[in-house]
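As recorded in TrEMBL, the features of this protein are as follows:
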| type | residues | note |
| --- | --- | --- |
| DOMAIN | 7-407 | domain 'Glycosyl transferase 48' |
| TRANSMEM | 160-182 | transmembrane segment |
| TRANSMEM | 217-240 | transmembrane segment |
| TRANSMEM | 306-324 | transmembrane segment |
| TRANSMEM | 330-353 | transmembrane segment |
| TRANSMEM | 406-423 | transmembrane segment |
| TRANSMEM | 435-455 | transmembrane segment |
| TRANSMEM | 467-486 | transmembrane segment |
| TRANSMEM | 498-518 | transmembrane segment |
| TRANSMEM | 538-559 | transmembrane segment |
Amino acid sequence: MRNLLEEFHQDHGIRPATILGVREHVFTGSVSSLASFMSNQETSFVTLGQRVLANPLKVRMHYGHPDVFDRVFHITRGGISKASRVINISEDIFSGFNSTLRQGNVTHHEYIQVGKGRDVGLNQISVFEGKVSGGNGEQVLSRDVYRLGQLFDFFRMMSFYFTTVGYYFCMMLTVLTVYIFLYGKAYLALSGVGEAVEVRALITKNNALSAALNTQFLLQIGIFTAVPMVLGFILELGFLRAVVNFITMQFQLCSVFFTFSLGTKSHYFGRTILHGGARYQATGRGFVVRHIRFSENYRLYSRSHFVKGLEVVLLLVVYLAYGYNDGGTLSYILLTVSSWFMALSWLFAPYLFNPSGFEWQKTVEDFRDWTNWLFYRGGIGVKGQESWEAWWDEELAHIRTLSGRIMETILSLRFFIFQYGVVYKLHIQGSDTSLSVYGFSWIVLAVLIILFKVFTFSQKVSVNFQLLLRFIQGVSFMLALAGLVIAVALTDLSVSDVFASILAFIPTIWGILSIASAWKPVMKRMGLWKSIRSIGRLYDAGMGMLIFIPIAFLSWFPFVSTFQTRLMFNQAFSRGLEISLILAGNNPNSGI
């Protein structure tokens, strides 16, 4: 420390040093595979990354605890941190901005390092990454970054952009590119343009056009976020050890983790840019390796990963059903393998990296806990952890401004593409392409929503009308069944048409739900909010079941849980976890 403080008197360029940066050493990396991914990523940033940021790029700011400040310099220039708890949520980097804007000089020194405990659970890691991404979104909106961009020379400005907000902006663009690619493919499939162009390319032997249409996302870009880490390994450990470590990490499913992480960063960054108001997340630095309940994971990742993952799956299914592929199954697999990998990583990574995630006893307990949470009524003082209704209100709290509501509405319009495309592909309407077919599909949708409302009518409201309600429900059910039978008997409606209709209507109703949620105050004034909430609950129940069924199926096989424990934890920890499960016996409430 004595040597480090002497650095304030050394020559570090034009200006004397005002913040001395040092390395961090994360010592919790050996606990589990997740902890090792996080600590390795952190190590590459605090060694290789910060070394280059400080010299030659001269854009190192302040990123964490070990840095040493020149106290007199900072307290005479407005203090170390900023006062706002919204804009300046990433308070550490704003301190670096402050120092640099006031002609300070930030350096990096590697002869001293500070030990640090890093989060070891997926939820803690995701909340931390969400906080940092939200903070970066606020940096984009802040004056500090604007001023830095104005005052830096071209090379320093570009270096600064690519090492702070640019990194997150590129992540968001990566995810948007996947969406645009898949929506483009869905459009080509549903409109028939794709088939016409491919046939023309085949007749004219235009290989370039055919190759352009069959662009392949062979490598998932989430994996590339691990490249700096590999370079850090090569420098610190040598080439051979780096290769061995990287292969080991691949066996521990690091690609799944980094792809999942890509979704976390892009969601929170994008949401903050759209709506602002990033919140401070108390991530804790606890040594927490415990089983996370299904409902807790669902609450945390539902809107950031599960909804988006299922949307990608839906697009891939539409492309499979209606897309034209000259190469057959192999061509489809090559075209979509990375998109499937991304979707499945977003849907199942929280349960894959969950300690005792495939224990049958835990799975049964999780299901009971999830259903209790889903159907527990909200109210004043009820938290999101206890009730679905309270959680749903919390999830919509970030949409506060008129511009935010309009943006959410515009983004939700994409869900109506499915219905518009699929209804013209049904056998029942043949080759009829008039607009009346689309109009008729909306009538069918309205009937389905009315039927849903009839069957979910509140029991408490209808205490005096029990008999009448039961009669109406019975008649509605018989009429719906009769209508379906008549449609199958008298028209060309096939079984595949019924499944195609589900494929069309599910995203449409979700789009209506998203727009209605964005305009919550208007819906409340119109008296429609309770109906919207009941449809929202149905969707969350359906999404939960789609994710839960594969987990429950794998929990039947005892070897899956053993394999997962060995994959996730080091040997001593695995043995401890297995012994504790034996000691717990049939008691589901033990805190393992």
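In case you wondered, yes, glycine gets a Cβ from its N, Cα and C as well.
Beyond the transmembrane segment (160-182), the same-chain residues lying 6 or more positions past its ends with a Cβ under 8 Å from any Cβ of the stretch are 49, 53, 57, 59, 61, 93, 133, 136-137, 139-140, 145, 148-149, 152, 215, 217, 221-222, 225, 262-263, 265-266, 269-270, 312, 315-316, 319, 339, 342. Across the domain 'Glycosyl transferase 48' (7-407), mean pLDDT in this model comes to 87. Proximity of distant same-chain residues to the transmembrane segment (406-423), defined by a Cβ-Cβ separation under 8 Å and at least 6 residues beyond the stretch ends, is recorded for 183, 186-187, 189-191, 274, 314, 318, 322, 399, 429, 437-438, 441, 445, 500-501, 503-505, 507-508, 510-511, 514-515, 517-519. Most Cβ pairs within less than 8 Å of the transmembrane segment (330-353), among stretches 435-455, 498-518, 538-559, belong to 538-559. For the transmembrane segment (498-518), the residues of the chain that approach it from at least six positions outside its boundaries are 311, 314, 317-318, 321, 396, 399, 404-405, 408-409, 412-416, 418-419, 421-423, 425-426, 441, 444-445, 448-449, 528, 532, 535-536, 539, judged by C-beta separation under 8 angstroms.
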